[in-house]
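Notes follow once the structure below has been shown.
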Amino acid sequence: MAKEKFERSKPHVNVGTIGHVDHGKTTLTAALTIVQGKKFGGDSKDYASIDNAPEERERGITISTAHVEYESETRHYAHVDCPGHADYVKNMITGAAQMDGAILVCSAADGPMPQTREHILLSRQVGVPYIVVYLNKADMVDDEELLELVEMEVRELLDTYDFPGDDTPVIMGSALKAIEGDQSEIGEPSIGRLVDALDSYIPEPTRETDKPFLMPVEDIFSIQGRGTVATGRVETGVVKVGEEIEIVGIRPTTTTTVTGVEMFRKLLDQGEAGDNVGILLRGTKREDIERGQVLAHKGTVTPHTKFEAEVYVLSKDEGGRHTPFFQGYRPQFYFRTTDVTGACELPAGTEMVMPGDNVQMTVELINPIAMNEGLRFAIREGGRTVGAGVVAKIID
């Protein structure tokens, strides 16, 4: 059969495999490229090529990640797989690989293990919105009741971390059998069922331009006779001339009107996600606005000082600290375009945090920052990055 033309017109969805070491994440990743490649074209990848993932540096943090892609009937999937547990932690916290949904791989022969739990918790903390489960190695379990028991355990574990355990699709199969071309229920057809579950359970992601307008302020200029211009890159949404917007963060929120949008010295009617623009603001003085604030549509983002965060602390080899830090540690938190000092409160029972650790902490900033859950930040000491984090929950 001739391979169909590789289509780029399908909607693009980002997914990735998570789960305990040796439960078959990489084998399943290979199976997805092989089985879907037969149906829709695209590159098939074998286990070895995925397992030898290249090292990448994201914000100074070394992460090994394999990127593969495959098609379904209706979608194009970009899929990430990490060789080691530490790579998952770093990947999810830095948002190097944003996931619209995750495939939790759990060995039916072993059931949920410590990293199964940890990856579900991480998914909750960093805002992975959907999880689909693949119970792998089903060929190694003869007892039907045992399979049902493992499925029940996984569903309960998902419930524990506020994922809808009862409604989550759970697919039984064997990634290895699928790669071998096995046509029984647990072979190739199980991969088809998994992809169907991804198609139906993970909604199409909202395009950046369809989200509310937000632009971090990078620089401010005064133009004689015209007013004040704030420049930056539009993060999400669309801004149009004549709209009322808010200036949020660091100081009390103020409202202003957009009187012009320009890009490369040309006047535009609007600026949209990804554009580097200057926004002319009516009645706003140069001293009313500063770097680190954001421009946003009214009521879409609020300033906060206190939040729960999931943090990865750089190891010494990554250029991080050489020593641990303790309760009350006060570094700078770099949000979008600026540093704000904050105090760290460690969880009960945690005496200290070592370089290379990941930790949940509560942070209180000295100035409010415009934030939503899921916002990424860097932790810095004197301009040097020593950690990366994500806002897991806003407290105040």
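Indices start at 1 and increase along the chain as displayed.
Just so it is clear, glycine is given a Cβ too, placed from its N, Cα and C backbone atoms.
Listed in Swiss-Prot:
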- 19-26, 81-85, 136-139: GTP binding site (BINDING)
- Thr26: Mg(2+) binding site (BINDING)
- 10-206: domain 'tr-type G' (DOMAIN)
- 19-26: region 'G1' (REGION)
- 60-64: region 'G2' (REGION)
- 81-84: region 'G3' (REGION)
- 136-139: region 'G4' (REGION)
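On its own chain, Gly19 (GTP binding site) has Lys25, Leu104, Val105, Cys106, Gln115, Thr116, His119 as residues at least 6 apart in sequence with a Cβ closer than 8 Å to its own Cβ. DSSP states for the region 'G4' (136-139), grouped as helix (H, G, I), strand (E, B) and coil, give 2 helix, 1 strand, 1 coil. Look at Cys82 (GTP binding site): DSSP puts it in coil. For Cys82 (GTP binding site) paired with Thr26 (Mg(2+) binding site), the C-alpha to C-alpha distance reads 8 Å. Counting only same-chain residues at least 6 apart in sequence, those with a Cβ under 8 Å from the Cβ of Ala138 (GTP binding site) are Ala108, Leu147, Met172, Gly173, Ser174, Ile186, Ser190.
Summarised by DSSP class, the composition of the region 'G2' (60-64) is 0 helix, 4 strand, 1 coil. Each residue in the region 'G1' (19-26) gets a DSSP state, and the totals come to 2 helix, 1 strand, 5 coil. Between the C-alpha atoms of Thr26 (Mg(2+) binding site) and His85 (GTP binding site), the distance comes to 12 Å.
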